[in-house]
Amino acid sequence: MSSVGSSGGCRHHAGCRVCTAGARRAGVPIMALIVIGWTVLPSSTFSVGDHMVDVPIGAVFEANRSTLDEEAFLYAVRQINQGRTVLPKARLVPHVERLHSPDPFLAIQTGCSLLGKGVAAVLSCTSCPANFGLQTVANSLHVPHVFVSQDNCRVMHSRGYTVSMRPSQEEVDRDLVDVITRLKWKSMMILFDDYYDFSHVQSLLSLTRKTFLEVVLLRVEKFTGGNDVTEWQANAKKSPLVEYGGKLRRAVLLCSAENSVRLVKQASGAGILTPEHNWIIANKEVTLETLQSLHTSSDVFTVMRRPLSYNEYTSRFLRHWSTLTTGDQDGRALQDARLSAAYMYDAVHLLASAFSSLLNTRGWIGPNRLTCKTDTSTPWNGGLMFMDALREVQISGVMGRSKFSGSGYNLDAHVQVLQLERRQDRSKMRQEEPFAFRVDTSGGPEFSGFCMDLLKELSIMLDYDYELYEVHDGKYGSRGADGTWSGMVGDVMTGKADFAIGALVLIAAREGVVDFTMRFMDFSLGVLMRQAEEENYFFFLEPFHPKVWLCVAAALLLVCGVLLTLHRLQSNKKTLPTRQSYYTMWFAHSSLLGGHIGLRHVSRKILAGVWWVFAFFLLSSYTAELAAILTVTRMEKNTISSLEDLSSQTDLPYGTVAQSSIAELLSESSLDTYGRMWSFMTSGDYPGTLVSTKDRGIRQAREDASGDLHIVVVPSVQPSAAQHQDEVQKEQAQFYTGAEATDSSQSSKDLSVPL
């Protein structure tokens, strides 16, 4: 680190002591520049060709603070140098300095040391006194300075050479006032600590001066984190918050995240907080773990925090963040990355984008090597061009879209407003396996199923309680003639239930009155039908009439008898075998199958030929008739292969559940197919087409001998089919999925409705 004169020379002279003391009192060491001179070594101005250019950048951090900001800076530099996408013809060379105290004079010395190394820009993450010293050096020598302040430091000169990665505090205060105005508060208490400067409290008071009748200010001690929270939580009854009582019903916490948790738990332990209380926690660095610890009581909290913007940069940054082994646990989880480190990561990418812009336009001028020794001062002649490029560039980083305003602050000042309220939610359900069903146990009825498991996991993840009960009419919900809704949808609309869970089909009418979550099953229609058909083990005899089979048997016996007689008359009796009758019978039978025994006499050959011709026509007729019967049987089994076939016939009655999503789909659709089906169901010619429950419709389709058909939702009927698998196979019930039951393109499009 370079020094001013001899070691600590400015501290040993009276004039310098006055300068240092004045700098400390004012927070801006302007007088220090009187005794600091600058010598410009021969500058290295050059144009950029195809060779690699080294671009030195400096970074200043405080040694007593977290090392995560420095880690984010070094990781961003490594990523840019290795990627070669942002800076394909340049390489960033980092120079890191650490301050052991927030002394502004020490910050000026550190800035001089970095400028002596020829850095093109300085990034810093320090407290405000040190930050003001670095701003003074940067503005004097025209070296860009990008800072990420943890204490909401201000930019000294709006058109200077210093910019802030954080938005203006005035913009954040306006967002806070908008939230307070929306809540229609008339009085409030503001609790603040050293984390926020009192000037921001004054800014908030000036913005709300014409709105509030009473404002109470209370400064609290900053929580150091040295003791466990349980030590002071045991003495919560002695908390000084108790004496303020009702004034704490509306409060704004302008404190650090640790202090905010401390105050909330202290007030909750003292019994101060009630469901009527509403506190606003205005801290941009509140993490998800902090929110989880706050969500423990029955009061209401409104939290204003800065969310991360998830994109390509964020995913890489968070993957690296999860591998850190430093002892600082702030922001280690994915969504809880500390804001200062995320801002530092974006700041390096902003500088790299500005470098790339200048290199592409061949407007890059190498930095000068500046020292603090003489009375002459020559600013860097390339700083203005670099600063203009830095103000024009914008990126979509971890913290969102970053671009600097004319005043030097980040234009992206959006915040996330969360309302935390712990209460017992009322949830309605309807029994339908496998989604939700009741199981009677010795300890009482219990609900099981996919939806019940989902509800239980959500309550654990989001930390809330719920009361579950069945819907009174057993319906999912449909709109009546008077415009009112029944079932689960009606209870949610009237406020009897906070939400409903089950196999609720999403249709346009329901979506217009209630909100739906992401679907967990796909919707398709099916037709359940029963075919009253007995098993026939003599199906192979059906091609011929029984009289024909008797004639065939008689002909077989006749041919065998004649053949045996001819054989006996024409053969030598001495050589006649004793079992010749079996041979003749076997010949007649084998002729039917295409085989025969050799015959010698003409009469027997003529008889055999006639029998062969008869067997040929007999077998041909049998096979043709058998094929025709099989074809007709198969066609009869598949008489209904689409909803158009179903709507075109009137022999088989069909129906569905009344006041269901299917009934509403058929009644409101403009398609002719659906219109004919709905007219058939409501005509009254076939009683029982519209049933009250799904189970009754399935039972009616399974047991009714008339062959009733029942239109169902396929995912909800599959468990019932699996339960009665043996019975279904025996009765030959058939299920047609949405693809099989809808051949027409119009029907298929209308049926592909997601749940």
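Cβ atoms here come from the backbone N, Cα and C positions, even for glycine.
What TrEMBL says about a protein is an automatic prediction, not a curated fact.
In TrEMBL, the annotation region 'Disordered' applies to 720-755, one of the ranges 684-719, 720-755.
Per DSSP, the secondary structure of the domain 'Ionotropic glutamate receptor L-glutamate and glycine-binding' (434-494) breaks down as 21 helix, 19 strand, 21 coil. On the 0 to 100 pLDDT scale, the domain 'Ionotropic glutamate receptor C-terminal' (426-738) averages 70 in this prediction.
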